[in-house]
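These features come from Swiss-Prot:
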BINDING   G12, A13, G14, K15, S16, T17, S172, K173, M174, D175  GTP binding site
SITE      N71  site 'Stabilizes the phosphate intermediate'
Amino acid sequence: MRYAVLVTGPAGAGKSTFCASLITHAQTIGRSVHLVNLDPAADKFEYEPTIDIRDLINLEDVMEELEFGPNGGLIYCFEYLLNNLDWLEDELGAYEDDYLIIDCPGQIELYTHVPLLPRLATFLSTSLNFRTSAVYLIDSQFMQDKSKFFAGVMSAMSCMLSLGISMLCLMSKMDLVKDKKGRTKREVGRYLDPDPNLLLEDINQGTNSKFNQLNRAVVSLIEDQNIVSFLPLDVTSEDSVNTVLSHIDNMMQYGEDEEPKVPKDMDDGEFVAPPRSYNIKLIVRDR
């Protein structure tokens, strides 16, 4: 079974940093994991991509030859990729029982305005038989501006509904969240599990009264759908990265269909059985 994780979110949310941290942790625990770059404008990586869209098409070349702007050029690059999926299939063909981390561009119009990323997710799931999921990152600094936070929740909801696959929402850069301006863990919790009713009054106090009705409509939509909550991500904490990886594994049912791997030395008579493990139940009696 093959697995693919689409790493999405707006520009500056920390997607590439998250990819690097996830790969480092996965390699530490012995997993075969590879980075796939789908950003034709990317130029720096902590890990060299195993598969790179720039080997197929480059944004700078498109902008120069077709005189497109950055966003138009990016959409053209993705359309070119989707018209040449045989290239991607050939690139992915050698990876069996592997875990692919797919770093996506930060232009959210790829899955909110035009159905490019959803088409790619469908291709991976149906044509190539990948178990596919997604993560969506927003910057923890959104918590400093409640209107911006609401916009982030809406974009996460849009991505989730557009992709049509299981998705985990992450509040990135939690290592930058300091206990200042009176912010407490309880207040941070209101953002991780958005409670629109608690936030509505604060927004209405700080915005023009003309927007109050719009704010109530947005809050009502978020509350009625109730599909977005955030897991805190601190890439400087191995425990935090491990927690995120565990949630991704659960979404894709990672490893449930894997066949036991036979040690190479078994046929040579050198195999030594590992110690037997026991399931010990602790019974606590009331005194």
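In case you wondered, yes, glycine gets a Cβ from its N, Cα and C as well.
Once Cβ contacts within 10 Å are tallied over all protein chains shown, the recorded positions S16, N71, S172 are led by S172. Between the alpha carbons (Cα) of N71 (site 'Stabilizes the phosphate intermediate') and G12 (GTP binding site) lies a span of roughly 16 Å.
Fewest other C-beta atoms within 10 angstroms, among the binding-site residues G12, G14, are seen around G12. Site extent for GTP: among the recorded binding residues G12, A13, G14, K15, S16, T17, S172, K173, M174, D175, the largest C-alpha separation is 16 Å. The secondary structure of N71 (site 'Stabilizes the phosphate intermediate'), as reduced to three states from DSSP, is helical. Of all Cβ atoms in the protein chains displayed, 19 besides its own lie within 10 Å of the Cβ of M174 (GTP binding site).
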